[in-house]
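Undergrad: My questions will all concern the structure given below.
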Amino acid sequence: MSFFKKLKDKFTNQSDTVTEKFKDGMSKTRESFLGKMNELFARYRTVDEDFFEELEELLIGADVGVETVLELIDELKDEVRLRNIKDTSGLAPVISEKLAEKLDKTGEDSALNMQENDMTVILFVGVNGVGKTTTIGKMAHMFKEEGKSVMMAAGDTFRAGAIEQLEVWGERVGVDVVKQQAGSDPAAVMYDAVQSAKSKNVDVLLCDTAGRLQNKVNLMKELEKVKKVISREIPDAPHEVLLVLDATTGQNAMSQAKTFGQATDVSGIILTKLDGTAKGGIVLAIRNELDIPVKYVGLGEKMDDLQPFDSEQFVYGLFKELVEETSEETEED
Ligand SMILES: Nc1nc2c(ncn2[C@@H]2O[C@H](COP(=O)(O)OP(=O)(O)OP(=O)(O)O)[C@@H](O)[C@H]2O)c(=O)[nH]1
């Protein structure tokens, strides 16, 4: 059964909140991407080099990532030869399915490495402005909803506002925040936080960090120091190092991922503000070009708008109309 047919059977007429969130959150990307695709197909009736060139531009413009786009175009050309496709209309479903398969094939697990009978420590890294604080707050809310006890550590002591912002989230979701004054040593804040979390038998400790990128060596040293303080107290911790990236920054997010990946062991990516961009193709670039799983995505500003990344939900959100139009006939083409 084709991938789209599988999604059609699974999601059509489905109205649970997660499906709705992905559908709404992906609407900007969906409308822009499908609009441009339709325009392209209207202009080109026959599949030729010019068509492929424009398709390449369109995909790069949607932040799919050059490497991924070139790979995809090659695969499509093979497909055209193999199936002897002459008409662009015959290629439309193939393009979307190939894109979708790229998202699906990696089979990555978005599950967080949670400790069953012990405290789980999660470190958040990323540059300022990407929505790190908001994400930590949303995740604190998520864990509380699951019945877990949570504590947050205000490790971004560099940016004065970061501590207060985390405190606001702490009050909002009813979670204690361990802090020191601005400018103090982040490693000292982490030490305090781990001690406090241990004494209170907390289930999950969420740690903010400063995201200065100007100097990679300093960033690396600071993150190493923070991690060392944590692992001295809890041997396997931190259990996750999550890199927060802003989907609206496109290829900048890719280069941030590369820099942070070199500075520390990143175990997962959280991609924020997917709802705020028409270029959701960035997820494809990340999944295809980086060796780091996308674990969560931000689909809005509300507390429960942080969702585990699910490639099927994502693809359905992205290609909803096409998925719903899929029939057995297209499959047999
Ligand atoms: N639409 C949308 N907005 C988001 C999402 N995540 C965060 N934001 C918004 O992005 C803005 C910046 O987020 P903050 O958490 O305040 O980020 P920051 O304090 O600027 O920077 P850091 O915490 O250092 O990353 C806020 O207005 C958030 O509400 C999301 O998934 N969708």
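For all residues, glycine too, the Cβ spot is worked out from N, Cα and C.
The following feature annotations were taken from TrEMBL:
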type	residues	note
BINDING	126-133, 208-212, 272-275	GTP binding site
DOMAIN	293-306	domain 'SRP54-type proteins GTP-binding'
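Help me picture these features in the structure, burial and contacts included.
TA: Secondary structure from DSSP puts GLY126 (GTP binding site) in coil.
Tertiary neighbourhood of the domain 'SRP54-type proteins GTP-binding' (293-306): same-chain residues 21-22, 24-26, 106, 108-112, 131, 134-135, 137-139, 141-142, 145, 172-173, 240, 242, 247, 268-275, 283, 286-287, 314, selected by CB-CB distance under 8 Å and a gap of 6+ residues from either end.
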Undergrad: Give the subset of the binding-site residues GLY129, LYS132, THR209, ARG212 lying near ligand 1, defined as CB under 6 A from any of its atoms.
TA: GLY129, LYS132
Undergrad: Non-local Cβ contacts of ARG212 (GTP binding site) (under 8 Å, 6 or more apart, same chain)?
TA: VAL127, PHE158, ASN218, LEU219, GLU222
Undergrad: Of all the binding-site residues given, GLY126, GLY129, which residue's CB has the most CB neighbours within 10 A?
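TA: Within the set of binding-site residues, the most crowded position is GLY126.
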Undergrad: Over all shown protein chains, what is the count of other CB atoms within 10 A of the CB belonging to LYS132 (GTP binding site)?
TA: 28
